[in-house]
Amino acid sequence: MPAFYGGKLTTFEDDEKESEYGYVRKVSGPVVVADGMAGAAMYELVRVGHDNLIGEIIRLEGDSATIQVYEETAGLTVNDPVLRTHKPLSVELGPGILGNIFDGIQRPLKTIAKRSGDVYIPRGVSVPALDKDCLWEFQPKDFVEGDTITGGDLYATVFENSLMQHHVALPPDAMGKITYLAPAGQYSLKDTVLELEFQGVKKSFTMLQTWPVRTPRPVASKLAADTPLLTGQRVLDALFPSVLGGTCAIPGAFGCGKTVISQALSKYSNSDAVVYVGCGERGNEMAEVLMDFPQLTMTLPDGREESVMKRTTLVANTSNMPVAAREASIYTGITIAEYFRDMGYNVSMMADSTSRWAEALREISGRLAEMPADSGYPAYLAARLASFYERAGKVKCLGGPERNGSVTIVGAVSPPGGDFSDPVTSATLSIVQVFWGLDKKLAQRKHFPSVNWLISYSKYSTALESFYEKFDSDFIDIRTKAREVLQREDDLNEIVQLVGKDALAEGDKITLETAKLLREDYLAQNAFTPYDKFCPFYKSVWMMRNIIHFYNLANQAVERGAGMDGQKISYSLIKHRLGDLFYRLVSQKFEDPAEGEDVLVGKFKKLHDDLTSGFRNLEDETR
């Protein structure tokens, strides 16, 4: 007689062979060791125990396998069955991904909530990632029966929503001659829409693909990125730009605004699709995204307003979910991003935060009794981070028609105590090309985004020079001057603390005042106002141009302006006589982009001309 355990028979399923099963020998938190697993493969997906918990093999030794389980392991006992699936951890890719919210192993949270009627995910729940019964409007492209088709070719278009066209591609590892292509109509993800014959073997395809998450999707070639990622944040777009296909890190202590910057990028960046991965962060942050995004709209070039959620996919793996699934959530997110990249879209992926993933690696590494490296993190931490960040880039996609796509990765890092020498931060900085360092002191002064302009950097400035030359030939010189002013202010601050502001030369007083203008009225930005939540690039350029124009004119006036009685033009005189122009400089940020580019550029040009004439009149009066 089979033994009972917890009301369940400890027998094997009728349709499974006994050789497909191992049995649990040891349970240690999320790590399970199973015996009788001869023939299993690394990173093979397994089902552990009577609840069919999802796990992944991470070490093989003899016929025993070490498994990291992606669900709560409470209640597992020795000799519980472990079922092998003979396939790696994979994600389902097809229509229905956008606007959805998944957990770390691509289980749809809305569907689970409806089925279980509970706020928590039941253990061992098995729900298909995408709705197989939903009908999609299928429109085949210019292929006919008898045509040859290869991996990556786009053979149909599906209307996913009013913002995104979903292109259906042949999986990268398939090829052959078309024997059947479904006519235009409505089909579900179960329906066969394409049949191929290759070397006498027929194979049928639906609109759905599965892809192992740890394997990067193949591309024809990698390209040099040359288009900026415009975020709508002045400090990032003007001083530390990234590119479409770049890698960025946002390290910062708690309360510095990492999540707000990540969300601003998701809302306002010039990406076609966004994958937002909440990896080990607070559940409230994902709830905030879920509440905010459906109400947020973006204005399309044709004037239509569309919900941001229509281009967004959320992967939620909050801090109270099992730690092992944090690693899976990062890989799930990047695989979904690569899928949209292969359609020819520019995709942004936000990972908030990679430090929590590294902590999960540390915990599992400790349970495996591996040799710890710096701060207890495993020695392979840098290699794992690199394998993730290297999946970013601008690429030429496989198959036809010829198209380019890109994946931009923005990883938030939460170093304990804001210490940038933390192993995760230093390993990340050795890989990424853009560093947006957040400063606790700026955040405490309520200066947001709290990006420290003295320690941040971007290695893409040279790659973007051709774009800037086309957009505005003066911009590179203006930006260099603005950086010099901010750096000079930092040097002068020590002198000011010793001798006071009044003892400085007139030129230094102008430098300090211009730096204050740049800091408070240019770099600082209020994300909760209609006029400043998003700043178009033309507005950023004109605001900086006018501030630097004021700086140059003031310096020239001070140098040239000796009066008849030897009275020089001082900074206090400039501020007293040109107070209204100074006020207009401060108020540039209040110009609302909703008025349109032509109106705003006209206002900024008028201020530029008024500054020139104002200083000319001042010099004439004091001669």
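Cβ atoms here come from the backbone N, Cα and C positions, even for glycine.
Swiss-Prot has this to say about the protein:
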type	residues	note
BINDING	G252, A253, F254, G255, C256, G257, K258, T259	ATP binding site
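Structure with Swiss-Prot features highlighted.
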residue: G252; record: ATP binding site; Cβ within 10 Å: 30
residue: A253; record: ATP binding site; Cβ within 10 Å: 18
residue: F254; record: ATP binding site; Cβ within 10 Å: 12
residue: G255; record: ATP binding site; Cβ within 10 Å: 12
residue: C256; record: ATP binding site; Cβ within 10 Å: 27
residue: G257; record: ATP binding site; Cβ within 10 Å: 20
residue: K258; record: ATP binding site; Cβ within 10 Å: 27
residue: T259; record: ATP binding site; Cβ within 10 Å: 22
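Look at T259 (ATP binding site): DSSP puts it in a helix. What surrounds the ATP site, by Cβ distance within 8 Å of the Cβ centroid and not counting G252, A253, F254, G255, C256, G257, K258, T259, is the set S414, L438, K440, A443, S450 from the same chain.
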